[in-house]
Amino acid sequence: MENLDEIRTDIVESTAPLLQESSSESNGGGEFNGASFSGAVFNLATTIIGAGIMALPATMKILGLIPGITIIVLMAFLTDASIEFLLRFSNIGNQRSYGGVMDDSFGKCGRIMLQVSILVSNIGVLIVYMIIIGDVLAGKNEYGIHHAGMLEGWFGISWWNRRTFVLLVTTLTVFAPLTCFKRIDSLRFTSAISVALAVVFLVITAGITIIKLFTDGLMMPRLLPNVTDLSSFWKLFTVVPVLVNAYICHYNVHSIQNELEDPSRIKPVVRSALAMCSSVYVMTSLFGYLLFGDGTLDDVLANFDTDLGIPFGSVLNDAVRFSYAAHLMLVFPVVFYPLRINIDGLIFPTAPPLTSSESDLRFGSITAGLIAVIFLGANFIPSIWDAFQFTGATAAVCIGFIFPAAVILKDRHNQATKRDKTIAICMIVLAVFSNAIAIYSDAYALFKKHTYVYPI
């Protein structure tokens, strides 16, 4: 039984063979000699930059620029430390997956806890992505008020730009093809485009900010938080979950490492991706807050529904919204990849790897089933977002901080230093505190929503 567990450990996440050796490309044709450094960086950066980027300018409004930017940078360093813990104990325990590390430290129970956390977190994230894409392209009804989508604004109301049809076409033409790749490296080009689209949003925001600065002038941004009473003090902590979850990418690190031409370069890959993402985060937060000031909404994308007061403002609004929707479409398959592997690990713990040719039927069935569940959840279960706000917050901090810290504190191989254990304790305290705030904030917002008096 122990041998069986060891075999399955290598399958839990990204079970591609060690790619220093040439292997046939699973997706048809050619030899695969390992992923490039740049492709690995783009895939990891795309895993990091998701929907949360739009909430960062609002954190600057609450914290002020100096503490806000400082915390964004500090969280990048803390994420690097948590990933380094996993990679180091992977090498020590001769494991090639996050699940393998958890299995090595906590046995089968630890591995299953990780798989369930990734299942809950990633299904929730992907459903939210699909909901956001539907909101941007097809519009939504909220509190009895209809918010027109981009397609409706361009072409008027028609059967083909209604929400369900738009998401069905997006699923069949974008999500289905991109989720059919067996190697994450096959997504390197779409990941590069995804990062470029995030930069497009940043460039447009920066450009508008500079134009407004020289034409109308901008208010002086708040450098430090404005704490006037106990309520404003507690409000500072509401941004903690956004910042803590900003860099969660741990479930794809081993998959990317296993496919690298030189797996020993995974640490530079991680640090390059974190440096790139933290730069995008800081610049987006800075320019977004400078542009909208105290009018910055919790989701800055909503600010681009208003008149910007500059020439071609409506065109720029549409460019921002479309680039964001397209960005999420290309993030989708990168987040879907570890979800499929971990679902397979839960349901078929002793089956051959999904990358093998004998697993084609299982691969296709799991892929189709997951896409169907995500599509149905985004379209036909209105309250599903509320549910995943609670479960997703808990699962994400477990994946990013609690599990890596627990591996260090368990220290099965007696390799952790006192400094490692101190950092691990700080991670757990931060994660638990962040999760408690997130659950309280979500519960309070949900209570307010259900007590809202809808207009007649």
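Including glycine, each Cβ sits where the backbone N, Cα and C put it.
Listed features, source Swiss-Prot:
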- 37-57: transmembrane segment (TRANSMEM)
- 58-78: transmembrane segment (TRANSMEM)
- 118-138: transmembrane segment (TRANSMEM)
- 164-184: transmembrane segment (TRANSMEM)
- 191-211: transmembrane segment (TRANSMEM)
- 236-256: transmembrane segment (TRANSMEM)
- 273-293: transmembrane segment (TRANSMEM)
- 328-348: transmembrane segment (TRANSMEM)
- 365-385: transmembrane segment (TRANSMEM)
- 388-408: transmembrane segment (TRANSMEM)
- 423-443: transmembrane segment (TRANSMEM)
Segment-segment contact (the transmembrane segment (273-293); the transmembrane segment (37-57)) at 3 or more Cβ pairs under 8 Å: yes
Seg_contact(the transmembrane segment (164-184), the transmembrane segment (328-348)) with at least 3 CB pairs under 8 angstroms, min sep 6: yes
Same-chain residues near the transmembrane segment (423-443), Cβ under 8 Å, at least 6 residues beyond its ends: 78, 81-82, 85, 237-238, 240-241, 244-245, 386, 389-390, 393-394, 397-398, 400-402, 404-406, 408-409, 416
Tertiary contacts of the transmembrane segment (191-211), as residues 6+ beyond its ends and Cβ separation under 8 Å: 38-39, 42-43, 45-46, 49, 53, 218, 276, 280, 283-284, 287-288, 290-291, 308, 310, 316, 319-320, 323-324, 326-327, 330-331, 334
Result, the transmembrane segment (236-256) in contact with the transmembrane segment (58-78) (3+ CB pairs under 8 Å): yes
Same-chain residues near the transmembrane segment (118-138), Cβ under 8 Å, at least 6 residues beyond its ends: 50-51, 147, 149-152, 161-163, 166-167, 170-171, 248, 251, 301, 321-322, 324-325, 328-329, 331-332, 335-336, 338-339, 342-343, 346, 370, 373-375, 377-379, 384-385, 388, 391-392, 394-396, 399
Sequence-remote partners of the transmembrane segment (37-57) [C-beta within less than 8 Å, at least six residues beyond its ends]: 72, 125, 128-129, 132, 184-185, 187-188, 191-192, 194-195, 198, 201, 242, 245-249, 251-253, 256, 259-261, 265-266, 268-270, 272-274, 276-277, 280-281, 284-285, 288-289, 292, 296, 298-301, 324, 327-328, 330-331, 334-335
Beyond the flanks of the transmembrane segment (236-256) by at least 6 residues, Cβ under 8 Å: 13-14, 16, 35, 40, 43-44, 47-48, 52, 55-56, 58-59, 62-63, 68, 71-72, 75-76, 79, 82-83, 86-87, 90, 96-98, 100, 118, 121-122, 184-185, 225, 227, 266, 269-270, 273-274, 277-278, 281, 334, 337-338, 341-342, 393, 396-397, 399-401, 404, 430-431, 433-435, 437-438, 441
